[in-house]
Amino acid sequence: MSNYFSMEAFDYDDIQLVPNKCIIKSRSEADTGVKFGSRTFKIPVVPANMESVIDEDLAIWLAEHGYYYVMHRFYPEKRADFIKMMHDKGLFASISVGIKDSEYDFIDYLAKENIIPEYTTIDVAHGHSDYVIKMIKYIKEKLPDTFLTAGNIATPEAVRELENAGADATKVGVGPGRACITKLKTGFGTGGWQLAALRMCSKAARKPLIADGGIRHNGDIAKSVRFGASMVMIGSLFAGHEESPGNLITIDGKRYKQYWGSASEVQKGAYRNVEGKQMLVPYRGSIKDTLREMQEDLQSSISYAGGKDLSAIRVVDYVIVKSSIFDGDK
């Protein structure tokens, strides 16, 4: 067994970052930009590539306004047209693929027709797999110019293997999200220790990591950056917006949006190998306001870290407080 697992396990609510001396007059001076692949984005945040979180219209808006996105893979026949549409608009294309045999034909088609997405994500629940490694090598052979993210994984060994196979970034997180019940159905996952898993993986990583799942508050973004994330993928916090694809539902005068996991019965259309669930999340208005709030909160985090950009957060001290950060707030 790896000695990484002798480390103390902790999650977002167990950690507080320790402030340093502030060197900027206003948080507006703090730069939240992050380089990911060949592009620089406004903040290190990306909506989850789930059908209940992102659709084509939202992908267009995000790309137009300087945010990273990953389009989901649940309408595979539309992906090539999506890439062409984004390129016709002068925008970058970012798609998801799986590992089924038909996906190899799809990659061949993209290569043959020279329809090259700037970003590709291999989206598999258990990404530490021979079949994922095979797909990484195939995509890098056929589409060498695409920036390839692979996942999801939970261990340093998985990071090393996927990076060595050719992945340009790795997605960390097995079942910590609100709509995922992998930990309950299988007994496996990073639920309850997602932040510690990110820390372990960052010690092995030579390339960017995406922290995927378990984000409940904006401050968790800064904590993810502290423990090694270049990007933070978020589902439930983005699912309740006007632009979100889920249906708007009113119950007792309160508005909600539908949100479901990618391995849920809703997504699969059958009760078979279900590791996700459906839920309602409070309606939150426009996603523009949430993204602006996330950026402002992250600017405040940078000011507390004693720096001018995200690099300051990566080196701050932290304390483990064992879920006491909400004491006095309830």
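Heads up, the Cβ atoms here are built off N, Cα and C, so glycines get one too.
Since this is a predicted model, take the numbers as computed values, not measurements.
Annotation source Swiss-Prot lists active site, thioimidate intermediate at C180, citing sequence analysis.
Proximity of L209 (NADP(+) binding site) to non-local residues of its own chain (separation of 6 or more, Cβ distance below 8 Å) is seen for V159, A169, T170, K171, V172, L198, C201, S202, G228, A229, S230, M231, given in sequence order. When secondary structure is read from DSSP and collapsed to three states, L209 (NADP(+) binding site) falls in the strand class. The feature NADP(+) binding site is assigned by Swiss-Prot to 209-232.
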Nonlocal neighbours by CB distance (under 8 Å) for I215 (NADP(+) binding site), same chain, sequence gap 6 or more: Y12, I221, S224, V232, I234, S236, L237
F227 (NADP(+) binding site), number of other Cβ atoms within 10 Å: 26
Collapsed DSSP category at I221 (NADP(+) binding site): helix
